[in-house]
Amino acid sequence: MSENNEFQSVTESTTAPTTSNPYGPNPADYLSNVKNFQLIDSTLREGEQFANAFFDTEKKIEIARALDDFGVDYIELTSPVASEQSRKDCEAICKLGLKAKILTHIRCHMDDARVAVETGVDGVDVVIGTSKFLRQYSHGKDMNYIAKSAVEVIEFVKSKGIEIRFSSEDSFRSDLVDLLNIYKTVDKIGVNRVGIADTVGCANPRQVYELIRTLKSVVSCDIECHFHNDTGCAIANAYTALEGGARLIDVSVLGIGERNGITPLGGLMARMIVAAPDYVRSKYKLHKIRDIENLVADAVEVNIPFNNPITGFCAFTHKAGIHAKAILANPSTYEILDPHDFGMKRYIHFANRLTGWNAIKSRVDQLNLNLTDDQIKEVTAKIKKLGDVRPLNIDDVDSIIKDFHAELSTPLLKPVNKGTDDDNIDISNGHVSKKAKVTK
């Protein structure tokens, strides 16, 4: 203290430091829409192109209602010129009064546009191939023809008071100058958004980011992105597109679509809740993902993949002893996703030779038995020994524990643990099976 007995000033800040989400958007990405994105669900358009898919009218309506309840912003439907029933289904879904806007996906052709605007849709998604592959082997038109057709269709759809998106097809194998010229042309006449499509799944995140940033410099409208998953980059590409400034992402339930599909709805939600938790939790009913995936899986006769983000049957299961110990102390040690956000539970898989004594101790507590730590370590060794010989199940482990306990002179029971609301880890291991369908 100074001689004049004055108080010294406090130089350090007394306010709590502001912490940023380390898994969120990079602050340098000033165009990022990671916290302001929209979803266009294409299960009833792209998903219909999945090899196993056949959705009758009733099933389409059921899926559309489920997606609307989940909170998607748009629902995209098969072109009404694809078949007579496709047109009728489009009209039927438009009459449901859903909160989500209804889109249909058409070729860049006036014949398609005239039919589309009569169905009652809120918007029309127009697409035409721009790569040399598609111009030569698909529609056979040059860029001048594409630009002229695009302007004609866009102006017609706009005259009907309907949203319009123009997208190139096979964007990442198209000439960049051609792409930017066509996008500038359609932006000038007032499209609601332009679309980038990785039609063959060839793009990587760095290419996506660079193209989106370049496109943002030449158009003022929103950017929509459609990523196929042929090389396994669909989720990463979608996230990177949002970082670069795209706003809308095409998804489908379980990623179903042409070949091995597109960005999956559930998988993207897993990525986005880590990056923008408040936005995602407030906008989407995440606990509905499991039901929607089961609905679509049943409709197309597939199982939920075991390694599916969120709903794979092992998504929140912990097996190794080191992992189990840490999870029992603090789930964040080995989980970036909270299963409760999705209406799921976490499990400790203790019936195996990799188990640790902390997991067995938790099981002993559940069985209301009284063992010391040293005794638990001893019984754990017995469990691991049998686990070296054959696969174990919960009954095997419980029998070993109970037999061990019966041989001791300690009290048979300890006071019953009534539990608390914080008991959120199930170590029963009962859900682990070879069945890949997630059930409640």
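Even glycines carry a Cβ here, placed using N, Cα and C.
Swiss-Prot has this to say about the protein:
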ACT_SITE  His323  active site, proton acceptor
BINDING   Arg45, His105, Arg165, Thr199  2-oxoglutarate binding site
BINDING   Glu46, His226, His228  Mg(2+) binding site
COMPBIAS  1-23  compositional bias 'Polar residues'
DOMAIN    37-290  domain 'Pyruvate carboxyltransferase'
MOD_RES   Ser399  phosphoserine
MOD_RES   Thr410  phosphothreonine
REGION    1-27  region 'Disordered'
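Overlay of Swiss-Prot annotations on the structure.
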residue	record	DSSP (3 states)
Arg45	2-oxoglutarate binding site	coil
His105	2-oxoglutarate binding site	strand
Arg165	2-oxoglutarate binding site	strand
Thr199	2-oxoglutarate binding site	coil
His226	Mg(2+) binding site	strand
His323	active site, proton acceptor	helix
Ser399	phosphoserine	helix
Nearest-integer angstrom distance between the alpha carbons (Cα) of Ser399 (phosphoserine) and Arg165 (2-oxoglutarate binding site): 63
Residues near His105 (2-oxoglutarate binding site) in space but at least six apart in sequence (CB under 8 A): Ser42, Arg45, Glu76, Leu77, Thr78, Ser79, Asp125, Val127
Between Thr199 (2-oxoglutarate binding site) and His226 (Mg(2+) binding site), the C-alpha gap once rounded to whole angstrom: 8
Check: same-chain CB within 8 A of Mg(2+) site center, minus Glu46, His226, His228: Ser42, Ala197, Asp198, Thr199, Phe227, Asp250, Ser252, Gly257, Glu258, Gly261, Ile262, Thr263
Densest Cβ neighbourhood among Arg45, Arg165 (binding-site residues), 10 Å radius: Arg165
For the recorded positions Thr199, Ser399, the one whose C-beta sees the most other C-beta atoms within 10 angstroms: Thr199
